[in-house]
Amino acid sequence: MDDVIKKGLSIVSELRDHGFEAYIVGGAVRDYHIGRKPKDVDVVTSASPEEIRTLYPHAFQINRQFQTLTVHLQKVAIEVSTLRGGSIEDDLCSRDFTINAMALAMNGDIIDPTGGKTDLENGVIRSFHPEARFKEDPLRMLRAPRFASELGFTVAKGTAEAIKGSCSLLADVAVERVEKELTQLMIGTHRSSGWCLLHETGLYPFIPGVSLSKETVLRMKEISRSPGLLPADGFWAILYLLENCSMKLPLAKEKKKRIRTIVHYVGERQNHSWNETMLYQASLSVATVVEQIRALFGQASVHEEELRQLWSSLPIQTRTELAVTGRDVMAHFQKKGGPWLADTLADIEEAVLLKHIENEKKSIIQWLEERRVES
């Protein structure tokens with residue numbers, strides 16, 4: 001049995017020892033059935049949030065609406081929620097899809113009121129009373145193509161029809177909740193199926209924070225047929241590049257910066273080949289993604305091994321590898337810091353990178369002295 005499941009069951013056991021019902025539910029049970037390692041584990045219990053906190057004083061509440069607390073057990077974060085409805089069956093019937101609506105009891109029994117195990121075996125994404133489920137939380141509609149991409153399953157006809165009839169509700173979902181689902185869709189093994197489903201259900205115009213045209217969705221569907229696996233930021237960069245697609249998602253600052261960098265160097269590669277300076281400024285990881293994007297668009301691309309060889313030949317790969325620091329430069333010139341220092345360090349960096357001087361403190365100081373004499 002997987003270690004994550006074991007840790008979840010230890011929480012279940014402890015809750016039961018204190019007189020509460022408790023079960024492992026959701027994606028962990030699904031993954032357990034298909035032989036996939038669960039990324040995390042959720043537990044539901046008849047205990048109230050206050051009672052959960054009494055048992056686990058260090059637990060913190062992350063979702064007041066669903067009365068969910070996170071309990072850390074040996075570096076594994078376990079979400080513990082109070083049962084919705086009067087029973088475990090009521091709780092499971094209110095979940096997004098049948099494949100996520102199974103519970104694992106302490107004795108190993110599977111509670112499956114909606115036929116999730118059968119749907120799992122048949123590779124079907126189906127919602128129990130889909131109109132009601134999507135009205136409760138419209139984001140669930142976006143999770144259908146996400147799971148189609150991740151698992152390679154097909155969506156049941158009734159569920160797909162319910163998405164078509166309810167898709168406008170998605171526009172009211174907070175944009176902060178959209179990023180995770182779209183990211184998982186983009187990096188799934190069967191991502192082309194996810195984009196296909198966005199198109200077929202008519203869901204794509206209603207995704208908050210992303211203005212997707214039909215042409216963009218169909219282009220992403222075709223691009224995603226490639227067997228090569230592009231990292232998520234590469235797919236986000238492609239969305240930025242494609243016409244008629246604008247982004248208003250509140251992505252993390254560093255993620256936005258990296259995506260913009262990838263987009264910039266995709267543009268640079270239209271007119272320039274990689275050289276030492278350009279590769280150094282971009283970084284090997286960005287350059288690799290840029291070449292993967294070029295390949296997806298049918299453009300001539302540089303093989304990753306060639307990029308690695310050029311990268312390995314660089315005298316330095318980051319400024320922190322310089323043999324001198326800003327403190328060394330200030331001490332040598334006996335001057336306080338200021339704009340001159342940043343300019344001087346940039347000059348040193350360029351000279352070392354272009355192999356005009358050795359990356360050795362004595363050589364750099366001598367070079368600085370020669371420049372001072374010349375000026």
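Note that Cβ sites are derived from N, Cα and C of the backbone, with glycine treated the same way.
According to Swiss-Prot, the protein carries these features:
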BINDING   27-30, 95-96, N100, 137-146, R177  CTP binding site
BINDING   D40, D42  Mg(2+) binding site
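Under the three-state DSSP scheme, N100 (CTP binding site) falls in the helix class. In this structure, the C-alpha atom of N100 (CTP binding site) lies 11 angstrom from that of D42 (Mg(2+) binding site).
According to DSSP, D42 (Mg(2+) binding site) is assigned to a strand segment. For D40 (Mg(2+) binding site), the count of additional Cβ atoms within 10 Å of its Cβ stands at 15 [all protein chains shown].
Annotation for the binding-site residues L139, L142: lowest Cβ count within 10 Å of the residue's own Cβ, L139. Around R30 (CTP binding site), the same-chain residues at least 6 positions away in sequence with a Cβ under 8 Å from its Cβ are I99, N100, M102, G116, L120. For the binding-site residues shown (G27, P145), fewest C-beta neighbours within 10 angstroms: G27. The distance from the Cα of G27 (CTP binding site) to the Cα of D42 (Mg(2+) binding site) comes to 8 Å.
Applying an 8 A CB threshold to same-chain residues 6+ apart, the list for D42 (Mg(2+) binding site) reads G8, I24, V25, G26, G27, A28, I78, E79, V80, S81. Taking only the Cα positions, the spacing between P145 (CTP binding site) and D40 (Mg(2+) binding site) is 21 angstrom. Taking only the Cα positions, the spacing between D40 (Mg(2+) binding site) and L142 (CTP binding site) is 21 angstrom. Secondary structure from DSSP puts L139 (CTP binding site) in a helix.
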